[in-house]
Every structure is written in C-alpha cells, then in structure tokens.
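Report on the following structure.
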Amino acid sequence: MTSPVLKDPAKTRVIVGMSGGVDSSVSALLLIEQGYQVEGLFMKNWEEDDGTEYCTAREDLADAQAVCDRIGIKLHTANFAAEYWDNVFEHFLEEYKAGRTPNPDILCNREIKFKAFLDYALSLGADLIATGHYVRRRDTGALTELLKGLDPNKDQSYFLHAVGGQEIARTLFPVGELEKPEVRAIAEKHGLATAKKKDSTGICFIGERRFSDFLKQYLPAQPGDIETTEGEVIGRHHGLMYHTIGQRQGLGIGGLKDASDEPWYVLHKDLARNVLVVGQGNEHPWLFSRALLASDIFWVNPVDLGSPRQLTAKVRYRQSDQRCTLERTASGYRAVFDEPQRAVTPGQSVVFYDGEVCLGGGVIEAAEPWSPRA
C-alpha cells in the first residue's frame, strides 16, 4: 500500500468509521466543514449470541444513522464479525488460556479498523479513512508519524501503537487536535444525537456482563490455591484467568485470622502450579518491577536500536510517561525503568515514545522484580 499525497479536500473522498459515539460524529462534521467529500461507515464486529444485544450494536447503528442524516452524508454498513473472530477474539482466548491478560482493543485497531475497514473503504473508492481517535499524524517526507492526541486525558496512541505508518498515512484524525469538552460542545452546537452519549467503556463483546461469566462460556475454569508469599494457603481461586496483577477486588480472602486490615493484592500467577500468590498492602514489594521483557514488537515506522536508547514508555493506558532505556536482547526487547513500575502485567502492552511521537510497542512477556524475592 503506497502512502497517498494529501490533496485538495474538495477532490478527496473520505469514509469515516462511525461508531455511534460523539467522537466519530464530530470527526465527520469537521471533515465536511473542511471541504472533504465525506461518507460514513458503521462496522459490526461481533455477532450477539443470545439476543440480549450486549454490544448495543442496534442502538449504535441508529445513532450513527441519525448523525449522518443530520449532517447530510451517506452511511455504509459492513460486517467484519468473521475477521474479528479469526484475528482478534481467538487470540484473546489463547492469551487468557496461557494465563496472561491481553488487550483486544489493540489487535482490533490493527486488524479491523486499520485493515479490514481501510481495505473496504478503499474498495468503495475512498482516498482516505477517518476515525474519532484522539491521536494526531505528522507527515515527515516519506514517513507519516503517529503523535499523541493533544488532550492528555483522552490520548489514544497507546491503543494505536500497532498500526503501521502506511495505514496512518491513509487516515485523518479530526478530533486529535481537540479536547473532549470541545468535541461535546461542537456536537451540541450542531444538534447531533450523540452529543451527550456516554463514552463506551470495557470490551465490546462483553458489554455489561460480568467478565468471569463471559469467559467461562469459552474457557474451562481451573480452580486452585491462593497462597501468601511465604507459601501459606489462605483460600481458593476459581481460575487464574479471572485475575490480573495488582487486582484488589474479588479475591474472597478478607478478614483472615491474625492478618492485618490492609487489603490483599494479586502479586503473581504461578502457572506451573496453578497458584495465585497474594500479599497485603498497596506498596507490597512484589508489586514493583525494575524492568520488563517484551516480544512481538511492532514499530509504526522503522526504529534503529543498534544500541540502547533512552525513551519513555507506558505499561497501561493513561499512565504518565515513564523514562526507560530500551535495548535489544537475543529473544526480544528489554526496557529498564528509571523508577519502579507497579503491576507490570504479562500479556498487556508496553508502548514506547520519543517525546510526542508514538514509536510502537509490544507484548509484555515478563517483569523483573525491583527487589529480590525469597
């Protein structure tokens, strides 16, 4: 795929991914105001399995259609449920089966929104696509860089780190230069149906269901012991897949005899023994790591790592930038942090930045303890 040269908006056909939310609604409106030939596309990525419409797809489609009618553009629909199942959901299940905590939104962006949707839009004759993500792009000669969104509270570059520069070059991000209150104000000013709609949270295909109830439909639970760091068995877990590093709620071990009143946290998942290791206190030493190992690194554009490089990183969404040194290893990459990192979680993504430029990232394989463990 060759990167397009941005041309006269009046001669540029843009198809906007319309989610039924306020961000994509305002994105379409702004592009119209900038003079682009704009159309919308609503994509359905999950087939409801029991008629209860957990994903609210019907409501979202109605909202997207109402917005398109209001601003006077055509709305296409496309079903990418098969692609989502094959390229996102099956990987999601495999990761949980392996005892890790994946982030399906990152794969969804790479495989669905910036691949299946992009390819489909181009087949419809689009020159570019647009989304409501809070990120920006910068064209630098032959490359297109991915930049953080200007609103630090909404920046979504963490979720787009696995999208290639060529795909970014085919995409416009109209709200990336705005803050969320500005976006809602624009929507209200123009009477858009989504102006006051709540932002979607959580994973689409789970919706309002309890996560454990959803997961056990696909993966058999394997109960096991809950142990302290000293090896004392203090309870039972229903399955390691239901727990993540740093988790406090839902352990069912409060009020133990001779224990302090401090809350319990998940410190480690011993996959070999199917044991959940817990400890008390938000500052428990086992919660902190000095470094991590990462694999499946995906760079937005080529990155030279012939020698260790000083960068910043995020090990979770909305985390502040953390200074680190990134180096190649025989099996992947190692990031050593200047400060202790709390609850570094295998299966989640680490994303690297050089200033406001999102360079890319990868999957956390393991965390190195900040202090030695007995």
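Every residue gets a Cβ built from N, Cα and C, even glycine.
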Quick check: of Gly99, Gly125, Gly132, which does Swiss-Prot put in the same ATP site as Gly17, Met18, Ser19, Gly20, Gly21, Val22, Asp23, Ser24, Met43? Gly132
Recorded ATP site residues Gly17, Met18, Ser19, Gly20, Gly21, Val22, Asp23, Ser24, Met43, Gly132, farthest C-alpha pair in Å: 16
Quick check for the class: what is the C-alpha distance, in angstrom and rounded, between Gly21 (ATP binding site) and Cys108 (disulfide bond)? 17
List the Cα distance (Å, whole number) between Gly17 (ATP binding site) and Cys108 (disulfide bond). 13
Under 8 Å between C-beta atoms and at least six apart in sequence, can you list the same-chain neighbours of Asp23 (ATP binding site), or say none if there are none? Gly132, His133, Tyr134, Val175, Val183
Give me the non-local Cβ neighbours of Cys108 (disulfide bond): same chain, 6+ apart in sequence, Cβ-Cβ under 8 Å, ordered along the sequence. Asn45, Tyr84, Val88
